[in-house]
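Undergrad: Have a look at this one.
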Amino acid sequence: MKILVANLGSTSFKYRLFDLGDPGEPMLARGAVDRIGGPSSKVVYASSKGKTEADRAVPDHGEAVRLCLEQLTNPATGVIGSASEVSAIGFKAVHAKGISGVQRVDARLLSAMEAFNDVTPAHNPPYVRAMRMLAERFPEMPLVAAFETGFHATIPDRNRRYAVPNEWATEHGVLRWGFHGASHRFIAERTALLLNRPDLRLISCHLGGSSSLCAIRDGKSVATSMGMSPQSGLLQNNRVGDFDPFALPAVMRATGMRFEEALAILANRSGLLGICGKNDLRDVEAAAETGEADAQLALDMYVSSIRHYLGAYLVELGDTDAIVFTAGIGENSPRIRSMVCRDLERLGILLNDELNEAGHGERKISAADSKVEVWVMPTNEEIIVARQARDLLSARS
Ligand code: AMP
């Protein structure tokens, strides 16, 4: 069974095609269309048979998917004979009111996503637009949404509920839903395999453009740092993270700012960017090295927010067998990993500095006498979505 996994942005479409009929679950091809809707889009494609790159106008996501199917079936560089070989398109969908897990995309699901447009403004509107267009344009193609919140359905109420009136939770869905579910699920499954133990206590640190920690026991999420929306938890590259809502009236009254403006600042101009004017961690690290105090403060605050949840999850789990760093920052910044693990020897967490600094890809970076194993692990959210789409379709057939 071949599954195409789509990653949508408001003006981008990235995809990977997996063959899940093969036990090795190989990725057959990948591609991307950037700047959709602009005068000229960049269209890239790569498979074992070759790579292509072109600039051409791509007016919308429907056309991007048509191009993708054209590339996949191209006699020279394509990997399938016809588009009908693609069993489904799987989407790493983010959030929907009253819906989680893995679901076929239909009118009810699209309305539920729209109902949470305000909660995930960067993600839901482009996804809904594109899914609607694809459903119209390719009515025969099953579309499957694998929600990021799905992995966190196992979080117990004591960690899931906010201390708000009950009806906020029951009627309006005001709960700690959690996100990065495909990534944390991949890390849970992969770590259990590598350590050859299904009964692991694990803290997964997904540190990227957006970041979250997840406490995992026996492969199941029991707590995560993001809440009702992906804006909360750790401070993010340009999002505020945890914040006291009662600070808002003070700023709004003093400046005359409208509620929507204040929310936009918290969502787009806060986090690392708000503290030091840079939101790419590489730039923040470089500025801190040249002695910029704001950049150093941004790094220190980011690390403090990670350690805040790390400490909470060590207590939640009672101990931990492993800590795993993943995503752009988790995989590539030895400095952040070292700052996170600093002075935690008494908790059984000790890095091997050489292993932390050197090497690439999946590897253990803890010292031989560290009680807790610390790993760097590239995540693979797309294969999780592909497997979930396959499982849904197989269960229905
Ligand atoms: P992601 O959302 O997983 O793609 O991660 C994006 C983030 O990873 C950006 O904030 C980048 O600054 C960060 N990143 C990527 N490469 C590096 C690196 N070599 N060192 C530090 N941060 C990095």
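Just so you know, glycine gets a Cβ as well, placed from its N, Cα and C.
Where the annotation comes from TrEMBL, it is an automatic prediction and has not been curated.
Pasting the relevant annotations from TrEMBL:
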- Asn7, Glu381: Mg(2+) binding site (BINDING)
- Lys14, Asp280, Leu281, Arg282, Gly328, Ile329, Gly330, Glu331, Asn332: ATP binding site (BINDING)
- His180: site 'Transition state stabilizer' (SITE)
- Arg239: site 'Transition state stabilizer' (SITE)
Undergrad: In Å, rounded, how far does the Cα of Asn7 (Mg(2+) binding site) sit from the Cα of His180 (site 'Transition state stabilizer')?
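TA: Just about 13 Å between their Cα atoms.
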Undergrad: Find, for the listed binding-site residues Gly328, Gly330, the residue with the lowest Cβ contact count at a 10 Å cut-off, counting only other Cβ atoms.
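TA: Comparing Cβ neighbour counts within 10 Å for the binding-site residues Gly328, Gly330 gives Gly328.
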Undergrad: In whole Å, how far is Glu381 (Mg(2+) binding site) from Gly328 (ATP binding site) when you measure between their Cα atoms?
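TA: So the Cα of Glu381 (Mg(2+) binding site) lies 13 Å away from that of Gly328 (ATP binding site).
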Undergrad: Rank the recorded positions Lys14, His180, Arg239 by how many other Cβ atoms lie within 10 Å of each Cβ and give me the one with the fewest.
TA: Lys14
Undergrad: Are there residues of the same chain, six or more positions away from Glu381 (Mg(2+) binding site), whose CB falls under 8 angstroms from its CB, and which are they?
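TA: Within the chain, Glu381 (Mg(2+) binding site) has Cβ neighbours under 8 Å at Lys92, Ala182, Ser183, Phe186.
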Undergrad: Measure from the CA atom of Arg239 (site 'Transition state stabilizer') to the CA atom of Lys14 (ATP binding site) and give the result in Å, rounded to a whole number.
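TA: Each residue's Cα considered, Lys14 (ATP binding site) and Arg239 (site 'Transition state stabilizer') end up 24 Å apart.
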Undergrad: May I ask which residues of the same chain, at least 6 positions away in sequence, place their Cβ under 8 angstroms from the Cβ of Leu281 (ATP binding site)?
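TA: Non-local contacts for Leu281 (ATP binding site): Asn237, Leu272, Tyr302, Gly328, Ile329, Ser333, Ile336.
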Undergrad: What does the structure give for the C-alpha distance between Asn332 (ATP binding site) and Arg239 (site 'Transition state stabilizer')? Integer Å is fine.
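TA: It is 21 Å, counting Cα to Cα.
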Undergrad: Measuring Cβ to any atom of ligand 1 with a strict under-6 Å cutoff, which of the recorded positions His180, Arg239, Leu281, Asn332 qualify?
TA: Leu281, Asn332
Undergrad: Where does Arg239 (site 'Transition state stabilizer') sit in DSSP terms: helix, strand, or coil?
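TA: DSSP call for Arg239 (site 'Transition state stabilizer'): coil, neither helix nor strand.
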Undergrad: What whole-number Å value do you get for the CA-CA distance of Gly330 (ATP binding site) and His180 (site 'Transition state stabilizer')?
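TA: Computed Cα spacing between Gly330 (ATP binding site) and His180 (site 'Transition state stabilizer') is 14 Å.
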Undergrad: Tally every other Cβ atom lying within 10 Å of the Cβ atom of Asn332 (ATP binding site).
TA: 17
